[in-house]
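Peer 1: Here it is: the structure, laid out below.
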Amino acid sequence: MTAPDTDGPPPVAAESNDAGLNHDAEVNDVAADEDILVRIGRRRAVDFRDQPVDPKTVVAAVRGAESSGISVDCPDPGPGHSTLASPPGVGDGVVSLRASLAAAARSRGLVAPEREELAAVRRSLRGLAADLDAEDAPSADLPAARRRVADAGSRETALRERVAALRGRLNALRERDADEAVLASVEADRREAAARLSEVETERVAAEQALDRAREVVRERRATRDRRLELEDRVANLERAARASLAERVREPFERALERVPRGAGHDGGDGGTGHDGGDEGAGHDACDDSSSDDGSGTVGDARTRWYAAVRVADLRAPVVVAGPDRRFGSAAEAATRLDTPVVWL
Amino acid sequence: MLLVVTYSRAARTTLRNVCRTHEGSVVRRFGRAALVESTEFGALLALRLREKHGADVQLERTEPLNEFERVPASVREAATAYESRDSPSTPYAKFAAGSDHPAPETLRDREL
């Protein structure tokens, strides 16, 4: 993963490969078995290509994760950073343009009008979830109750057949005046089977009653689950609305930023911008009336161009990771300058 | 048939995916619920959902209702008579009170 437009071998992390932009990132190998320490210096760029780390690890380290083998000394990431931390296709998941713009807006301190309501609904949801957890633990072990009924039922059937068979045998023996001892032995077997049958019947009835009770309890709890689902849907709708309103507020600066970041080769004015990342973070559009795919709404550029522009619009103090092919900058320092954001160059 | 009802977003999403993938085994889907054909494969789909989402999935076995077999004539007749009543605003309790039709409380106490 070397930058396509870099001359020569990748440089040592602490040094710059181009004389004009000598950024002052520091990389200290403190000790062989300790974390690599990265400091984002004054020029806010660090070239990290010669280190065997993947973007996810670096993003996690920027976000303060410990014991990943690397630690990054940088300001607190703040709102919006997690969504914008790495380019599309490099981090995990697909982030829609709307989500990226909303993150950029949050990083600039903008607050969605839905925030208060969202917080309130989330609180109710947490309360409900706690109720459900507490309820689920002790009683209503429905699967166990079902199994108990099924087991008792099949044992009952087997015993009933055995009792009938023994009775038949007894009658047959009586008809041909069989030996008293044989009769007594079969009769004893029959009695024993009959006694066990009656025990199993009792057990089956008890098991059925227990199952009925457990079902009743579970049925009542479904009302709580229904309520939880409603709240979950409301949270999702509010989040969607919040993203939409936040994104709208940085739409204009974003359009301008698109003109200031490098386009990919062959993408100039290119693919119309829609469709690449249409889905609004995957999970499902139930109760979602605005699942519009107009995410790109006329903006130009491919996913990476849009990411660059969103990062440029964002006010991030912690670095983003620039990695993968098609990075379009000559160096970490250039990226940091053009994106107006600290950069870790992998 | 098997009735599958989901009680969480995650379970609902799985149900939707299952229905999309196994259209042939799904008789009907209603938002967060679905009727699955009564085969061992239908059971496999339903149990998979339960395995994944536990108490967020409710499974029931349904059967068509033959009212001539399972529902007493008095109830069938009451239903027919009530639906052809003269005044649409009369509640059933009032309708039954002045007639031979069973009172709602009586009906509620009787298991089908």
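A Cβ is built for glycine as well, from the same backbone N, Cα and C atoms used for every other residue.
Just so you know, TrEMBL annotations never went through curation; they're auto-generated.
Sharing the record's features from TrEMBL:
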type     : residues  : note
COMPBIAS : B:102-112 : compositional bias 'Basic and acidic residues'
DOMAIN   : B:1-64    : domain 'DUF7855'
DOMAIN   : B:66-112  : domain 'DUF7855'
REGION   : B:79-112  : region 'Disordered'
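Please situate the listed features within the shown structure.
Peer 2: Counting residues 6+ beyond its ends, the compositional bias 'Basic and acidic residues' (B:102-112) has Cβ neighbours under 8 Å at 70-71, 74-75, 78, 92-93, 96 in the same chain.
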Peer 1: Averaged over the domain 'DUF7855' (B:1-64), what pLDDT does the prediction give?
Peer 2: 95
Peer 1: DSSP on the region 'Disordered' (B:79-112): how many residues come out helix, how many strand, how many coil?
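Peer 2: DSSP composition of the region 'Disordered' (B:79-112): 17 helix, 0 strand, 17 coil.
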